[in-house]
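Taking it in order: structure first as structure tokens, then the write-up.
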Amino acid sequence: MGIKFLEVIKPFCAVLPEIQKPERKIQFREKVLWTAITLFIFLVCCQIPLFGIMSSDSADPFYWMRVILASNRGTLMELGISPIVTSGLIMQLLAGAKIIEVGDTPKDRALFNGAQKLFGMIITIGQAIVYVMTGMYGDPSEMGAGICLLIIIQLFVAGLIVLLLDELLQKGYGLGSGISLFIATNICETIVWKAFSPTTVNTGRGTEFEGAIIALFHLLATRTDKVRALREAFYRQNLPNILNLIATVFVFAVVIYFQGFRVDLPIKSARYRGQYNTYPIKLFYTSNIPIILQSALVSNLYVISQMLSTRFSGNFLVNLLGTWSDATSGGPARAYPVAGLCYYLSPPESFGSVLDDPVHAAIYIVFMLGSCAFFSKTWIEVSGSSAKDVAKQLKEQQMVMRGHRETSMVHELNRYIPTAAAFGGLCIGGLSVMADFLGAIGSGTGILLAVTIIYQYFEIFVKEQSEMGSMGALLF
């Protein structure tokens, strides 16, 4: 059934816009240039407002997810990377459940990627329609059908641009992937802004700066009681404080420390005697993929819950899925879940919230750990990184594990890879929960993504440098 399904969508994949693979080896400096151009286009789209919207000042239901999904309210990047990640999530679950069978052949892999892109475009249209019809940009009946259609077209074109930018980097023209680049940029921008933002906010304590570091110096300069000023800068509520900043730096350090954990399996050449090497299996074997897929799952649940609560407010089943409330204090207007499934799957706002509602905290911990371990375990099967795939790669390179025959390599790799994937996903979920409970800026998930992505770019840079020999040769 799986192969038939991929064959059915083959004609549709043929008409999709596609980036051709490079016909020659792309130099590192060219990759840097293409990566910079891709990032520039993304940042420009983040600043171009959608034409025709009446208002985007209402409470934002996706405020907590925007950092992770690289989206910006009221702009062309309203949907961010959500459609790409959601399509990846759906295809992964279908392949993991064996509803779709993906073979080891390049043809099947290409069809699978094409199907993912096709679903991404369909989801872009679906999400755009939901955003417009639920009144995120004003009452649809007041805007008129023409304006509603225009907004949907803008969001679709922007979604297509994101798909192609991601594919451009994935095909080898740039460094890493578009998804990783956009997420890391958005998260780092948020952390820097929350630390140094000069924006003033009127609170019950008077006018304060949003940025934690600027607020620290402002409070010390304007308050006569310096001890109280320090206490306020470290512990103030509803705005970024110094403790949040310290927690962020601490989580950064912990994640970087865990990145170094790995098991090196000894391998040797089957052709040349005396040629030995190691095959590293990292603790974070699937990197940040589990947390990205988990974020996509939650964000789509939020979309469905918001849409239903807007249309069927008061319905028992809708309330069971999620009840929402608006918050306007200490920053932009935002909607947050206060009851239902969405509430229990959202992180507690602070350690105090954990103590106030331990059941919420417990359910959130179980969900994060379980979903990350599950996504990590299933991802290796569809991404070509399972024990069988690794054994095949080693065989093609004429490498074997020391002390094992070719036939027993899969069995030996199976002792390590699925365990590393599941335990690594569990650790990623645990670190994300810890960061959320500590109140780190940008959310635990966001920081985890930023660190793992930056570390990936560091590894790419080191690899390219070792191949080129020097920094000068690398860039010039």
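Heads up, the Cβ atoms here are built off N, Cα and C, so glycines get one too.
The shown structure was predicted, so the numbers you read here are calculated from the model rather than taken from an experiment.
Taken from Swiss-Prot, the feature topological domain 'Cytoplasmic' covers 2-33, 97-117, 166-172, 262-288, 376-420, 463-476. Look at Swiss-Prot and you will find 54-76, 139-144, 194-240, 310-354, 442-445 tagged as topological domain 'Lumenal'. Annotated transmembrane segment per Swiss-Prot: 34-53, 77-96, 118-138, 145-165, 173-193, 241-261, 289-309, 355-375, 421-441, 446-462, in sequence order.
As a quick check, the transmembrane segment (173-193) and the transmembrane segment (355-375) miss the bar of 3 or more Cβ pairs under 8 A, pairs 6 or more apart, so the two do not touch. For the topological domain 'Cytoplasmic' (2-33), residue counts in helix, strand and coil come to 18 helix, 0 strand, 14 coil, using DSSP. The transmembrane segment (421-441) shares the most Cβ pairs under 8 Å with 241-261, out of the stretches 145-165, 241-261, 289-309. When each of the listed stretches 34-53, 77-96, 145-165, 289-309, 446-462 is scored by C-beta pairs under 8 angstroms to the transmembrane segment (241-261), 446-462 comes out highest. The transmembrane segment (145-165) and the transmembrane segment (289-309) are not in contact, since fewer than 3 Cβ pairs between them lie under 8 Å (pairs 6 or more apart in sequence). Of the recorded ranges 34-53, 77-96, 355-375, 446-462, the transmembrane segment (289-309) has the largest number of C-beta contacts under 8 angstroms with 77-96.
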